[in-house]
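Below is one structure, written out as structure tokens; comments come after it.
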Amino acid sequence: MHVSERTLLLGLGNETTNCKNLSVFFAVICVIDVFGVFPIIALPKAIINCGYYGILVVIVVCSFQIYTAILLGRCWVILEEIYPTVNTKNRYPYSALAEITYGKRWANFVTLLLDLTVFSGGIPNLILASQNLQLLGLRISGGNVNITDCYWIIIVGLVLCPILWLGSPKDMKCVCTLSVFMVISVFFLSCYCLIFTVDDDVDLEKITNANEDPLWKSILLAYGIMAFQFDIHPTILTIQVDMKEKLKLPKAILFGFMVTVSMLAVTTSLAAINYGTATRTSILEMLPTTTVLHVAAALTTAQLCLTSVVSNNALYQHMEDCLCISREFNSKRCVLRSILNLLAILLAESVPRFDIVMSFIGGTLTGPLIFTLPPLFYIKVLELQTKREEQLL
């Protein structure tokens, strides 16, 4: 079975199976936490390159993701009515849903897909965090200290390695709240920089000609990045099984999307007005040097590292379960997690830009999780519900 991206944070281990105390408000916090800072600082470029079609891409992709996430929630509620014992599998809800509806092979496929998504999803975090550290070094030192992001990837990866050995945080509310505080802080600091510290020497000709990709390519890139950054599906069932009122999951999904998409709309609009297609893949890279920018970059790096530690720990503990490694701290855990962390560092070093990685993951791994599997599961669950009702008659 699969340990979803936020399973351990949501307290669904064996020791806390009966802990169902998430309010709708905190479910919204969890959704925003999953999205993180990427939509605020790394998505505007892709949307701006699409022109007015970028608005259509945001509306279509987010609408589908909201709809299919709600379908997953409905599937789980119906399954709980049909099979009350499904709650014993609430640690691995997405895989359990696949197994009940289509069998063990589908469950194994979903598990593999989720594991690959979670593991590869940490690579853009590592790349962007390293680029922010390079940016901070250059700006604070006035250009005298230039440690490239290739070296920072290694440094960040090695610093995170001992933290990964320790397991995941036990107090999810503190972790998620801190993460969302960082996300909102980065939003306001970025807006301040985009409004009050715009470079007056921006090359207008460069703004006009900066994006030379054909429109179809820009749209495909934007779709892939959006699918990656707004992929709530590996996590949403984990959130739902720990909610007090599971039927209110759609409300949590809608509010979570509204908050993050609103922040995306503001930063994208400000970047488009001031920089046009000269906007860079990370909006922090193009802003003039100020103390506010330094704080924004530091908070972005911290939030990305926190997200990486949390999501990777969930995946690592799943692999430890598969290899029958004890949950207690031991040398086997350290060796396994170190090897996987080094693999992530090597992969991060091998790609030139984090937006390419996000687009690839969004266009391949997350596509089935978002657009294909939820409707298929929902149709099958409705069939099971109909058969159950016929048996009771």
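Just so you know, glycine gets a Cβ as well, placed from its N, Cα and C.
Note that the coordinates shown come from a computational prediction; the quantities given were computed from them, not determined experimentally.
What TrEMBL records for 27-390 is domain 'Amino acid transporter transmembrane'. Annotated transmembrane segment per TrEMBL: 22-43, 55-79, 151-168, 175-198, 218-241, 253-273, 293-314, 334-351, 357-379, in sequence order.
Beyond its flanks by at least six residues, the transmembrane segment (357-379) meets 38, 42, 64-65, 68-69, 71-72, 74-75, 97-98, 101-102, 110, 113-114, 116-117, 120-121, 123-124, 127, 220-221, 223-229, 231, 233-234, 351 of its own chain at Cβ-Cβ distances under 8 Å.
Beyond its flanks by at least six residues, the transmembrane segment (253-273) meets 24, 27-28, 30-32, 35, 39-41, 43-45, 47-48, 54, 58, 62, 65-66, 69-70, 73, 184, 187, 190-191, 194-195, 230, 232, 236, 279, 283 of its own chain at Cβ-Cβ distances under 8 Å. Touching of the transmembrane segment (334-351) and the transmembrane segment (151-168) is concluded from the presence of at least three CB pairs under 8 A, sequence neighbours closer than 6 excluded. Sequence-remote contacts of a segment are chain residues at least 6 beyond its ends whose Cβ falls under 8 Å from one of its Cβ atoms, and for the transmembrane segment (218-241) they are 4-7, 10, 12, 20, 22, 27, 30-31, 34-36, 38-39, 42-43, 46-47, 49-50, 53-54, 57-58, 61-62, 65, 68-69, 72-73, 76, 87, 90, 93-94, 97, 114, 117-118, 121, 124, 211, 249, 252-253, 256-257, 260, 355, 358-363, 366-367, 369-370, 374. Ranked by number of Cβ pairs under 8 Å to the transmembrane segment (293-314), the listed stretches 55-79, 151-168, 175-198 are led by 175-198. If one looks beyond the transmembrane segment (151-168) by at least 6 residues along the same chain, the residues whose Cβ comes under 8 Å of a Cβ in the stretch are 8-9, 126-127, 129-131, 133-134, 305, 308-310, 312-314, 316-317, 327, 329, 333-334, 337-338, 341-342, 344-345, 348-349.
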